[in-house]
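Single-structure report; data block below.
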Amino acid sequence: MNMVFLGPPGAGKGTYAKRLIEMLNIPHISTGDMFREAVASKSELGKKVEEILKRGDLVPDDLTNSIVKDRLSKEDCKNGFILDGFPRTVAQAKALDEIMRSLGKDLDYVIYFEVDEEEVVKRISNRRICSNCGKIYNLITLPPKVDGKCDVCGGTLYQREDDKEEVVRKRYRVYMENTYPVIEYYQKSNKLFTVNGALDVDSVIKEVLNIIRR
């Protein structure tokens, strides 16, 4: 079962993937993890990625595509995978089609977690992180017992720069401009399934399971 998860920042893709991989016994593959693995491997590809990331640049499509193909060809993907963070553009979606063909696989489901801008802003701008142990809180859904202090270690909670409201709104708009065409691309191939990402986690998981068990 080969799946792609799409959705704006704060849609919960990583959370849903972590729950589902335990049920389905397939790996969760994110581009961030793939880049880190490539760098750690010290391969020629990894060295190129490391140089690009150190400069703060985006990894170009040709390199990203090579890393995705390499990861999807590994043994643990033989029964399926959940791909998160790729494709982000129509060009990458077409490249993924080619990658799947070259590996003799099909893409079974593209799940789009639909969340509106205000919900994304509410989720991300209320996120706080412990400066000491890294535990993540949400002032609305998972608040600390003492305002501004970590329940675990007593460390001070802070807000990341890219979690601030104006930045979150920009990230959402960039996502919709760049990635929404990918959603339209998959609609044409009848592989796209939309899930209401504003529901609670258990309800979203149930929706996804209903889709893949039809």
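Glycine is no exception: its Cβ is also placed from the backbone N, Cα and C atoms.
Feature annotations, reproduced from Swiss-Prot:
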BINDING   G10, A11, G12, K13, G14, T15, R127, I136, Y137, L199  ATP binding site
REGION    30-59  region 'NMP'
BINDING   T31, R36, D57, L58, V59, G85, F86, P87, R88, Q92, R160, R171  AMP binding site
REGION    126-163  region 'LID'
BINDING   C130, C133, C150, C153  Zn(2+) binding site
C150 (Zn(2+) binding site) and G12 (ATP binding site), Cα-Cα, nearest whole angstrom: 22
Top Cα neighbour of G10 (ATP binding site) in the set of binding-site residues T31, D57, C130, C133: T31
Cβ contacts under 8 Å made by the region 'NMP' (30-59) with residues that lie 6+ beyond its boundaries: 14, 17, 66-68, 70-71, 83-86
Counts by DSSP class (helix H/G/I, strand E/B, coil) across the region 'NMP' (30-59): 23 helix, 1 strand, 6 coil
Helix, strand and coil totals (DSSP H, G, I; E, B; other) for the region 'LID' (126-163): 3 helix, 12 strand, 23 coil
Tertiary contacts of the region 'LID' (126-163) (same chain, 6+ residues out, Cβ under 8 Å): 171
Alpha-carbon distance [R127 (ATP binding site); C153 (Zn(2+) binding site)] in Å: 18
Residue with minimal Cβ packing [other Cβ atoms within 10 Å] among the binding-site residues G10, G14: G14
